[in-house]
């Protein structure tokens, strides 16, 4: 049993490690790695959706001649879970992300679109401020104004919250009761005004009717007197 657990091995006096033949490996050898899919994609051959987090065995290799700030880009080969079609994607250290290279298409992700818009606006602003000091001053003034507006809004929200926090339940019920009483009084006053207007209109109509009747009676009396006078 002792022979199986030896820690030291015997090297003869004439041992020369330079004479050991070395195995030659290709310069860009592909390495098999077990990994999870970093984004949701759709297979371009069968249309199967493969979601983020799916585990699979992939082959990794270096992208020859492709680096970003000295960081080597890597390419990964993997197969579809349904049709076994080969797909590839590679790293994107510039955006801290991955890009699908062939065999599939990446699903739409709204947060990536928003991040791209924000990055585009940031690059555009930096390009504008590169050779224009006045533009940079204007942008800083706008940023400070926006910060002041945000602080003012926050202060207003704090004051409103403190006012609401100082109101008790009894006070709130009293305020609601008082507002309901005021509303009821206003409604009664409006009804009284409508009744008065209705009474005035009815009185006016009665007076007009009496005047017409009196005028008609007077006209008939005059006509009757003239008839008997003849």
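Backbone N, Cα and C atoms are what each Cβ position is placed from, and that goes for glycine too.
Model, not experiment: these values are computed from the prediction.
In TrEMBL this protein carries:
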BINDING   43, 46, 80, 83  Zn(2+) binding site
COILED    120-154  coiled coil
TRANSMEM  206-229  transmembrane segment
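Sequence-distant neighbours of residue 43 (Zn(2+) binding site): residues of the same chain at least 6 apart with a C-beta under 8 Å from its C-beta are 49, 50, 80, 82, 83, 85, 87, 103, 104. Here the binding-site residues are 46, 80, 83, and the one with the most other Cβ atoms within 10 Å of its Cβ is 80. Listed in sequence order, the residues 44, 45, 47, 48, 81, 82, 84, 85 complete the 8 Å Cβ shell around the Zn(2+) site centroid, once 43, 46, 80, 83 themselves are left out.
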